[in-house]
Amino acid sequence: MGWAIALHGGAGDIPVSLPPEHRQPREEALRHCLQIGVDALQGKMHPLDVVELVVRELENIPHFNAGRGSVLTNKGTIEMEASIMDGRTKKCGAVSGLKTVVNAISLARLVMEKTPHIYLAFDGAEEFAKEQGVETVDPSHFITAENVERLHHAKEANIVQIDYSTQPLQNGTKKETSVVANGDSQLGTVGCVAVDSNGNLASATSTGGLVNKMVGRIGDSPIIGGGTYANELCAVSATGKGEAILRATVARDVAALMEFKGFSLMEAANCVVHERTPKGTVGLVAVSAAGEVATPYNTTGMFRACATEDGYSEVAIWSAS
Amino acid sequence: MSSSENKQMGWAIALHGGAGDIPLSLPPERRQPREEALRHCLQIGVEALKAKLPPLDVVERVVRELENIPQFNAGKGSVLTSKGSVEMEASIMDGTTMNCGAVSGLTTVVNAISLARLVMEKTPHIYLAFDGAEEFARQQGVEIVDSSHFITAENIERLKHAKEANRVQIDYTQPVQNDTKKETTIANGDSQIGTVGCVAVDGNGNLAAATSTGGLVNKMVGRIGDTPVIGAGTYADARCAVSATGKGEAIIRGTVARDVAALIEFKGLTLEEAAACVVHERTPKGTVGLIAVSAKGEVAMPFNTTGMFRACATEDGYSEIAIWPAAKIE
């Protein structure tokens, strides 16, 4: 069967005209993170460790909406969330409302392994982080000039940007204003799914949430069955409009279609994305116990990368690129 | 979606006050107020359905009532965190539109389920938590009180007992008393009750579900359970509405509420089959109970714990209030 890995840096209305100075660093980052994941799998690292490792890397990269580079709340603050799930044991961990924790995904894993609970949030999660001695920094660490500008723009347009478009508003961005103004611009969340040659599956998702979101707003990323899910059949990580993903229980439904209807991974992933969620709202990455990969999205694009043991690999943003 | 071209199936409602290791020896002074509360809340729900209130309004109304009753682990009567504080959470879902709302970490809001509904209807979001949720509550002008309002002597005692046993009680049965040899079931963490919920369907097949809780005795501050998680503790679509109770972590892992609906939709199971499958075949014994109604007006209330405080009624005149498997009171 072989190992397989897929990762994403967010689905959304990523303009095909994305200038090179914005596109290339992200492609390079996807390539870099894919390599880390592939090396780990080739080194026989367990998929749970692999997805955590890759998502940590994505969190640390400021071009994606997680960890450093997280979008801002309507008060200009950071509130990060994440979840992780081990397909074989169905154990999972989740966190929300983090302000100082450098790697939310690792704290989610610690909740899973060091507490009798699955999900910790806000002050309680921050307190747990201190007890565990994980790396914390001043919240300003996560804030980038791009995101300050995105928030400013969203406030001017008086909208909650479901995610953020790829670039902050610039002079010649007529496309930018129309796209953002009707709330279509969507990017956000990072995630990784992996399977080893023994069929062990794992999924991890992490995000800063929505630009201009209400303080305390939780999206799909920390919700087991929403943005993250893994069982013995597949592992899924979703991205896009959090509210649409929650409503459609996206990650769970991919696995449920496989289990209850006998769909293949590809059929199940395509069904959820193209038939069960509104266009322009969702993308996902998924791997199956058999080592298959699916990366469907119903948005303009999705930053993604994947590789399988038989040598296939891909780094892409739009279709056929 | 409405089934207006189908024959009218009739309304149905079910509600619960928590599943867990409810001892058969539960003394009358503890059993009767809860049975009476279930009867009272069922009546409220039935009257609302008869008055043609939308199921979304019905489930909110019934859960508000359950939250206000101190004998159940929601609103007043919520169990306490490891710091002796209250952190309440809830979610609500409309099967017709698939709109949903959820809240967590509330300390002053009298009715969490109503705030969840406001999140659904007054914000672009689904889920608000902790300080942000409390702030939203103030903006909305919902009823808030000092958090001491929610704390009962019973729950202070439960927390004390759990701390002595150095354990997170998944839920609670009764505070420890002298002759409680049976009570030592708490010592191994088996005692489980908690959460309230309601599901309803009208004669047109409109479905709704609502769930509310104080969480776990001695839980870590900031711990979120299944109750506010769409697909875990609460779910409703065009086929059924589900509210779950029991070990929150098991319900999250088992995506319980969503799985009932998915078995109906993807495998063609009936409500009864789907609910029984999830509870008896897909979750560990002693962890889960649920109530569910279908678009056709059917009701299912399976549980794999010792008991589940529950009540249900259907338009054809059937009604039931019960705690243990065959111990129907009426």
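Glycine too: its Cβ is placed from the backbone N, Cα and C atoms.
TrEMBL labels come from automatic prediction, so no person has curated them.
A quick note: this is a predicted structure, and the numbers were derived from the prediction, not measured.
The active site, nucleophile annotation in TrEMBL covers B:Thr195. The substrate binding site annotation in TrEMBL covers B:Arg223, B:Ile224, B:Gly225, B:Asp226, B:Thr245, B:Gly246, B:Lys247, B:Gly248.
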Whole-number Å distance separating the Cα atoms of B:Gly246 (substrate binding site) and B:Thr195 (active site, nucleophile) is 8
Taking Cβ atoms only, which of the binding-site residues B:Arg223, B:Ile224, B:Thr245, B:Gly246, B:Lys247 fall under 8 Å from chain A?
B:Arg223, B:Ile224
Could you give the maximum C-alpha to C-alpha distance in Å for the residues B:Arg223, B:Ile224, B:Gly225, B:Asp226, B:Thr245, B:Gly246, B:Lys247, B:Gly248 that bind substrate per the record?
16
C-alpha spacing of B:Thr195 (active site, nucleophile) relative to B:Ile224 (substrate binding site), in angstrom
13
What kind of secondary structure is B:Arg223 (substrate binding site) part of, going by DSSP in three states?
strand
Measuring Cα to Cα, how far is B:Arg223 (substrate binding site) from the residue listed as 'active site, nucleophile' in Å?
15
Listed in sequence order, residues with CB under 8 A of B:Asp226 (substrate binding site) and six or more positions away:
B:Ala232, B:Gly233, B:Ala244, B:Gly248, B:Glu249, B:Ile251, B:Ile252, B:Val256
Hey, which of the binding-site residues B:Arg223, B:Lys247 is the loneliest by Cβ count within 10 Å?
B:Lys247
How far is it from B:Lys247 (substrate binding site) to B:Thr195 (active site, nucleophile), counting Cα to Cα, in Å?
10
Within 10 angstroms of the C-beta of B:Gly246 (substrate binding site), the count of other C-beta atoms across all shown chains comes to 33
Would you mind checking how many other C-beta atoms are within 10 angstroms of the C-beta on B:Gly225 (substrate binding site)?
29
Cα distance, B:Gly225 (substrate binding site) to B:Thr195 (active site, nucleophile), nearest Å?
10
Collapsed DSSP category at the residue listed as 'active site, nucleophile':
coil
